[in-house]
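S.K.: Dropping the structure in here first, questions after.
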């Protein structure tokens, strides 16, 4: 039995997440009262009509505040049923949430005559704090379009060949912001930049000319060896501590050359010693 709890601030992509899960065989329930979570887990577990039952529910700020405050206790009760229970928390920065509500002209569930949209978003953050604190996986949707969000959910939640900690090695560009859901961040902007080579500028770190250029740089090799040595030593400790998800982010200026090259090499190397290692290039 697998239960995925989807939460997050309004406008962050919860409906999209439920759509993806439903498309992949999950029985989905929107806006479940949090107080019913243990009973739902019990009912789904004993439902003999479902083979390998998969259930996904969204729990958001429309719940009773007292139920949201009790979420840690309710989650513990659900997990006591001996089921796999993952908490996915989606979020975006406040400016992006304001922009999305402005574009769609939808009403925020917590706005009223005495509370502005910006105030409602901040109140919602406080209400959902107990869920965010216990999230197994957080996805920042600020810079993701609909299709990228769908791909990210499928990659992180549904593409796990074996049980255990799921590791994601992700490249990114600092000019578009650092991924807020990263557990470990490595800055490789000090390395030689292929962007300043006219013949390499239009290529990415996946292309052989850039690979050859970076592989020949001593500083690049030293940086790669230091990062890979650190990860090979400490990632197994993360797995041993029962972490469900670990994201390793490698950043350069634009997210096209250096970070992509390092990320690809690290992903291939880590896949030889760890299970469930995935690679993603955010800004390609």
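For all residues, glycine too, the Cβ spot is worked out from N, Cα and C.
From Swiss-Prot, here are the annotated features:
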BINDING   8, 9, 10, 11, 12, 13, 14, 15  ATP binding site
BINDING   60, 61, 62, 63  GTP binding site
S.K.: Between the Cα atoms of residue 9 (ATP binding site) and residue 60 (GTP binding site), what distance do you get, rounded to the nearest Å?
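M.R.: Here the two Cα atoms lie 7 Å apart.
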S.K.: Have a look at the binding-site residues (10, 12, 15, 63) and report the one with the fewest Cβ neighbours inside 10 Å.
M.R.: 15
S.K.: I need the nearest neighbour of residue 60 (GTP binding site) among the binding-site residues 10, 12, 15, using C-alpha distances.
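M.R.: Comparing Cα positions, the candidate nearest residue 60 (GTP binding site) turns out to be 10.
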S.K.: Applying the rule Cβ within 8 Å of the centroid of the Cβ atoms of 8, 9, 10, 11, 12, 13, 14, 15, what extra residues of the same chain belong around the ATP site?
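M.R.: In sequence order, the nearby non-listed residues are 60, 90, 91, 92, 141.
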S.K.: Please list, in sequence order, the residues in the chain of residue 62 (GTP binding site) that are at least six apart in sequence and whose C-beta is under 8 Å away from its C-beta.
M.R.: 31, 109
S.K.: Round to a whole number and give the Cα-to-Cα distance in Å for the pair residue 63 (GTP binding site) and residue 11 (ATP binding site).
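M.R.: The Cα atom of residue 63 (GTP binding site) is 16 Å away from the Cα atom of residue 11 (ATP binding site).
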S.K.: Cα-Cα, whole number of Å: residue 10 (ATP binding site) versus residue 61 (GTP binding site)?
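M.R.: Roughly 8 Å, rounded to the nearest whole number.
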S.K.: Could you measure between residue 61 (GTP binding site) and residue 8 (ATP binding site) for me? Cα positions, answer in whole angstrom.
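M.R.: About 8 Å separate the Cα atoms of these two residues.
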S.K.: List the residues of the same chain that sit at least 6 positions away from residue 11 (ATP binding site) in sequence and have their Cβ under 8 Å from its Cβ, in sequence order, or write 'none'.
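M.R.: Counting only residues 6 or more apart in sequence, the Cβ neighbours of residue 11 (ATP binding site) under 8 Å are 92, 96, 97, 100, 101, 106, 108.
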S.K.: Starting from the GTP site formed by 60, 61, 62, 63, give every other residue of that chain whose CB sits within 8 Å of the mean position of their CB atoms, in sequence order.
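M.R.: Not counting the recorded site residues, we get 31, 59, 68, 109, 127, 128.
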S.K.: Once the DSSP letters are reduced so that anything not helix or strand counts as coil, what is residue 60 (GTP binding site)?
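M.R.: In the DSSP reduction, residue 60 (GTP binding site) maps to coil.
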